[in-house]
């Protein structure tokens, strides 16, 4: 149980940290797309290596993740459709390709669509690896490494990420490469997503990327505060969701994603500038006139 | 011959098959306050975006202080239109102004005490010190423009390029921006400003570029700011045969 929670916590922190910048850039749906299309990268890499634990799978996923982002940019910049439509087209096409390949050629291997979507974090501790004589869940080790990489990335490029998210035009004018930062971020998103969804499933990965960040966004005034509150929210959601799922014997991933929504709704309605207060205020004002 | 702060040669920009600006030869004199005026769709914003190398020209080139290289743009503080950024971004007024220092900071370097001092001074210049910890979503239009200008001042550039800085702001802010512009010009800075209010051109600027896809007239305000030139840009249908 403690190991399941550890895997969830590390996954939540690694994903939600990047989620802050995805939310600020208005790229939440792109995460959704990437979390699905990387399956194509995994499948293609699997055909080459025939090993589900090969690092090539992660590279394949990262490449397809980047191709996804690039295709979305390409379709959007043609000026013929908006970004949401572009996401819809690219995402479904690549994901469908992956589903066809899995069902046609990889029926007998453990690339189960259900597991990919729903995840089964309870099984994560079964797959183990020895580090310095200590037996640890493989997913925990992998995701801890990813978490450290993500933290380093944010620390190193903090000011670039901040200015390119707030004002990309000014950033470009000031000689900061918006494109480079964006693709670096999206590479990490792809790598994080593929590692995370193996452990917790793609639905929870998307929830982790988006929900804690959007919850923190409602109430924070500064970027640094938003990042800390996002991490705190992600940790709380994991703990509460994991506990609830464990004691009621339901899918842990489903439970964590649901708790994340409840946390968001609680903040949305009850914060000091939230929906309830705003509605009451406008009622009071209307009564006066 | 004066060295131009900004110059363009045969500069044309098109969006897909529509030309927006056509074969522009411009020289913005160092130390001038130059306005770009012209009707909607004349290509004013496109011109400064091309100078900032934010859009790719289909022909010609632009240079800053004689250099066509991208690195010369560090000499330029760019003030975009207010609407171009996400004002709900979690940042305070001070955070945004401090971004003006990023251009002087290499990779992995954070702003230091000196940068913070410069940012605070810039806020003082724009009379925004009391709002320094306010979230940017809580600012009025005029205050937002002051924040942008403070950021440009913190950048400490020699050239300022501003896209409609006086659009939708209060009269106090307008006066403050113009006074600041004149003060900085006295220190030798150059201004290139997209401007929409024709009445104030002679008061605010000493040079003007009248644009409608092509240059209608350009030069000192007292020479080229004539009714004929204004009418030519705003009221007469320009010959569009070359657009086909």
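Cβ atoms here come from the backbone N, Cα and C positions, even for glycine.
Annotations in TrEMBL come from automatic prediction, not curation.
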Annotated range (TrEMBL: transmembrane segment) out of A:87-106, A:107-126: A:87-106
CB contact flag for the transmembrane segment (A:226-246) and the transmembrane segment (A:56-75), at least three pairs under 8 A: no
The transmembrane segment (A:170-193) versus listed stretches A:56-75, A:87-106, A:136-158, A:252-271: most Cβ pairs under 8 Å: A:56-75
Per Cβ pairs under 8 Å, the stretch of A:6-24, A:33-50, A:56-75, A:136-158 packing most closely against the transmembrane segment (A:87-106): A:33-50
Per Cβ pairs under 8 Å, the stretch of A:6-24, A:33-50, A:56-75, A:136-158 packing most closely against the transmembrane segment (A:252-271): A:6-24
Cβ-based contact of the transmembrane segment (A:6-24) with the transmembrane segment (A:56-75), 3 or more pairs under 8 Å: no
